[in-house]
Amino acid sequence: MTKVLIVDDSALMRRHLKEILEVHGGFEVMVARNGIEALAGLESFDPDVITLDINMPEMDGLTCLSRIMATKPKPVVMVSSLTETGAEVTLEALALGAVDFIHKPDGTISLNVSRIEREILDKVTAAAKARIRRSLGLSSRLRTASDRGAAKRTRPADSSPLPTLSLTEIGVVLIGVSTGGPGTLEEVLPGLSAGFPWPVVVAQHMPGSFTPVFARRLNDLCPLTVIEASAQMPLEPGVIYIAKGDADVVIGHRATRFVVNPMPAGPHYLWHPSVTRLVESALRALPPERIIGVLLTGMGDDGAEAMAEVKRRGGRTIAQDEASSVIFGMPGELVKRGGANLVLPASRIAGQLNAWMSRTKETVYGTGQS
């Protein structure tokens, strides 16, 4: 029996979430109206999973989450709106240690909650099995972002953008990630060195209203430029492209340039942006030896078979290890298929990519500088 603490100031929302879990079976549920009641329930009920609203009286969700992670860490699933403000706060919650989020329905709650019943059950069930990722803490991350932003603004002249690569020179790093991804990407991507010679394309399962906010957030954290991918955008060395949420993204070429192109969510793919579709498009567009695939934490198996094919054809792949994954679903499936050249903790992935790229820069540009 999984013990779930539902924290929400809306009596209707509490009731519907409780009914969904109890009707399905296998859940014991306690409810709380605000963060203060949640902290009391943390001690008396000792839940396996907490669903946590963001906007509540007396103590808001972020404050409550910080207290939970500081005193008695538990897997927390945030309940968030799809507004830009909701996206910003939810991403902050994920950075503080929440494992996932559920979209709070707009309009008629009773009708719209039923539409996301499967999502609620899947995410609460997965959260119960999740590893809690320790965050740096808000003040530490803000200092890190400030330092990186200053470094980006004061980058010396000899670290100017790399020359555009031709179709016969350029390669691409593809990163696929789902549950636990925002916090993991905030650990991995800032470690990529200035002057990284290949573009990086990231498919993070996320709503469309979240990805532009997430791209801006990562841009503040990273020495490389981070942008949300848009139609027919040329792939440039040292730029990180975030796939637009609720859609897919593919790689193709136009004239003498490779481009990244958002596409409507494909019906043959279960998750979006689809890691599988992204990797398959790269295999059609580029020689496999110029593809590096990285599969990070997440539920399911999106991207696992496609990245295994990259390895089979002579490309390189990295799977995040189980110990550092919030959910060892996607990377675990890659490992099961024998599709990972390396299995690494999140803390070592950027360093490995930098090492590979250092050799690439020496070959293409005649320099070994990283």
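Quick reminder: no glycine exception, Cβ is built from N, Cα and C everywhere.
If you take the C-beta of S178 (active site) and look for same-chain residues 6 or more apart in sequence within under 8 angstroms, you find Q204, H205, W271, T297, G298, M299, G300, D302, I327, G329, M330. As annotated by Swiss-Prot, active site applies to S178 (among others), with the evidence given as sequence analysis.
Residues or ranges marked as active site by Swiss-Prot: H205 (among others). Take the CB of H205 (active site) and look out to 10 A: across all protein chains shown you find 24 other CB atoms.
Cβ contacts within 10 Å of D302 (active site), excluding its own Cβ and spanning all protein chains shown: 29. The secondary structure of D302 (active site), as reduced to three states from DSSP, is coil rather than helix or strand. The active site annotation in Swiss-Prot covers D302 (among others).
Across the residues of the domain 'Response regulatory' (3-119), the predicted structure has a mean pLDDT of 91. Summarising the annotation, Swiss-Prot assigns domain 'Response regulatory' to 3-119.
What Swiss-Prot lists as domain 'CheB-type methylesterase' is 166-360, and the listing cites sequence analysis.
Sequence annotations record features per position, and here Swiss-Prot assigns 4-aspartylphosphate to D53 based on sequence analysis. D53 (4-aspartylphosphate) falls within a strand segment according to DSSP. Sequence-distant neighbours of D53 (4-aspartylphosphate) (same chain, 6+ apart, CB under 8 A from its CB) are V7, D8, D9, S10, M13, G61, M78, V79, K104.
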